């Protein structure tokens, strides 16, 4: 039985089923309600994405405040140069070319002082040189008459554009003036083919050069006066932190390999630091960039104008050589899936000598990091190097004096009366001997880092560290020999 009832303007159908139950059927909501629900879902998802983006941006600003400060500095520079549009007297002095000041700020303002100086000087020099040559070529072409004017302009554009483009492949030019060469090509081409007369073109060139000078000046001043970020400081910090990462990574690998003989905890073998050598391997491009930009910076802090930034690249190259050795050591450890009984005894025999060599090797790396960080000579470096070389010699002697019983144990009789040989396969001995050889090679490469840092100390005339901050290094009584 079906009953129809109209309740509050809505039509309901009540169905009485023979078994005594009653079902009420409600018509589906209209198309407007469906669209509204879908729109609410889309807007809710959009709000959630925006909120997550804002949270990520906040986390980035908290983790790396320098990026947030740079954004504020760019906003400040743009606000200042925008005043030329709103103050009539300033606007009339530069004309409608005030936009070039805004464009200059957007293009040349970088996160470090060195990068800002590099782009500002290159842009100003490229614009001035190209504008001057362009005016000269345009004047000569204009005086030559309409017949020769396009020929002279075409030849000059071809010659100077080709020469400037080729100069960008010269290493010395590319490292310092690549951006300036690009600006030169652009400006010279625009000025040369411009349809203005010489007098009007001179006015236009003067206005644009003035506005570019205004933009670059504000960029340089704000970059240097408001929380300056120096490329030299960034390079300096990167080098000594990489030395610390190398030391931690070396310690972690040796402790991990000999963990059967010594309990490895989070304190003496942190998982986050054992892979620190990878950061050193990946830092070459960053080091090259910081060193290139640091040469443009004025004297600041403990760094003079002609600070030997190239020497930092030599130190970085020596560190990567050491990092490659640690990478090979890591691969050697990963290739050893299990340790046979004979190999375990061999590792135990070489354990003390390996850990002693590692102790002095990582100690030298940390002392080098301290030397670069404080820019003072270490009084402990000589003794540390001597101890490391002595430990390497003892490690070589231990490797040569391995008892034959460790790799070829005494044969024993089996239950059936046959003699069974326990000679260890050579392939099982290789990981241990390879690791020892890598530790010895790593010590030699650490000596190369010491030489590079000593060369830097001589170039900048480092002073000895204060006696109260420098204690003569003495091996602890429990250090194995």
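Here the Cβ of each residue, glycine as well, is placed from N, Cα and C on the backbone.
In TrEMBL, the feature transmembrane segment is placed on 211-231, out of the ranges 22-42, 43-63, 211-231, 232-252. Matching 125-142, 269-286 against TrEMBL, the residues noted as transmembrane segment span 125-142. Counting Cβ pairs under 8 Å to the transmembrane segment (211-231), the top-ranked stretch among 68-86, 98-118, 125-142, 148-167 is 98-118. Sequence-distant contacts of the transmembrane segment (68-86) (same chain, six or more residues past either end, CB-CB distance under 8 Å): 60-61, 94, 98, 101-102, 105-106, 109, 111, 211, 214-215, 218-219, 222-223, 226-227, 229.
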